[in-house]
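Worksheet: the structure to be examined is printed underneath.
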Amino acid sequence: MAEAMELGKDPNGPTHSSTLFVREDGSSMSFYVRPSPAKRRLSTLILHGGGTLCRVQEPGAVLLAQPGEAAAEASGDFISTQYILDCVERNEKLELEAYRLGPAPAAYQAPETKPGVLAGGVAAAEPEPQSQAGRMVFTDADDVAIITYVKEHARSASSVTGNALWKAMEKSSLTQHSWQSMKDRYLKRLRGQEHKYLLGEAPVSPSSQKLKRKAEQDPEAADSGEPQNKRTPDLPEEEFEKEEIKENEAAVKKMLVEATREFEEIVVDESPDFEIHITMCDDDPCTPEEDSETQPDEEEEEEEKVSAPEVGAAIKIIRQLMEKFNLDLSTVTQAFLKNSGELEATSSFLESGQRADGYPIWSRQDDLDLQKDDEATRDALVKKFGAQNVARRIEFRKK
């Protein structure tokens, strides 16, 4: 079963520590990301690493912007988005000040490049211009080298969105950038722009043609660099919807099990039956007395199998949150788990980085403390989360 779970993981999903952006005192680092094509990916990496996001610039939040943004560099208050990518790449928290954006030195003049000359081949490398944060920027030579390598070595569209091609590119010392940076550069800036460098089209295959047509229909999804779900062209619309629901149902269950394992670091049984229970309101959780009228047989039946309407409703809600906040399935399900399955609290957390009631989200250590038969520990949890939220958490874990 463990092997099956490993095989089921998304190879392109975040793999860095879930506490990468958590301070030593246990509080989460808060980030504000300026609108940009990379915002979705950065948000996913930040939330996966235990950080939080704010919709507006708040005191104490780390302000992120892409190098080259004039307003951000002029203010001197922004940190380069490369900080997130480098932290994730090294899986360690780096020094923020090393990535602070600011006006370029007056004496520095960027060397001029001629794309027409580079199109025939990559010229001898000159010292690369560096951003104020100390990170090398991509030159035209880098772009041509990346496009040429992809054209010659990518066997299919999936190899471009995977990791193996880019790791091999890094080992070949094609550029001085990391494979993550080159992959991000190609997917966000270079793919579909080959003609500007006087190069041929990207590798053509039936699958890449389908991906291209899909990208034309959904450009936002194409920018994300994420492979789209395959759609069987000959299936009637109704059958396709059923197939899609079935695929998403399996994905939701798989991601919840995966999220639970990462969040709680516990061993999952061979027949994992952990289901997310989305609380639609903030009323007190049901008490045993309120459930006493339910027959034992019915309870066992409900525990053994979740009804199709319930699954459909859960999938619909998760989809809505994914679309509303432009996040992936893993991030949304993690947020539900950390907020005891409460819809309002989860939505608020995804939007602002904190719950509407002002209480913190649940961590693995909090859940471990919750299992202790210790009155002092329980009182501390009540003080931290409030009696109502503690009761909800207990009920949520039972389910």
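Placed from the backbone N, Cα and C atoms, the Cβ positions cover glycine too.
As the structure is a computational prediction, the values presented were derived from the model and not from experiment.
Taken from Swiss-Prot, the feature region 'Disordered' covers 1-21, 199-245, 279-309. What Swiss-Prot lists as N-acetylalanine is Ala2, and the listing cites similarity to another entry. Per Swiss-Prot, domain 'BRCT' is recorded for 10-101. Here Swiss-Prot flags Ser36, Ser43, Ser156, Ser158, Ser205, Ser208 as phosphoserine, drawing on similarity to another entry. Taken from Swiss-Prot, the feature SUMO2 cross-link applies to Lys114, Lys196, Lys210, Lys214, Lys242, Lys372. Per Swiss-Prot, the feature domain 'Myb-like' maps to 130-190. Feature annotation from Swiss-Prot assigns compositional bias 'Acidic residues' to 281-304. Per Swiss-Prot, the feature motif 'Nuclear localization signal' maps to 383-399.
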(request) Pop the mean pLDDT for the domain 'BRCT' (10-101) in here, whole number is fine. (result) 87
(message) Looking only at the motif 'Nuclear localization signal' (383-399), how are its residues distributed among DSSP helix, strand and coil?
(response) 15 helix, 0 strand, 2 coil
(message) For a quick check of packing: other C-beta atoms within 10 Å of the C-beta of Ser36 (phosphoserine), how many?
(response) 15
(request) Look up Ser156 (phosphoserine) in the DSSP assignment and reduce it to helix, strand or coil. (result) coil
(request) Using C-alpha atoms only, work out the spacing between Lys372 (SUMO2 cross-link) and Ser36 (phosphoserine) and round it to an integer in Å. (result) 45
(request) Please work out the number of neighbouring Cβ atoms within 10 Å of the Cβ of Ser156 (phosphoserine), leaving out its own Cβ. (result) 15
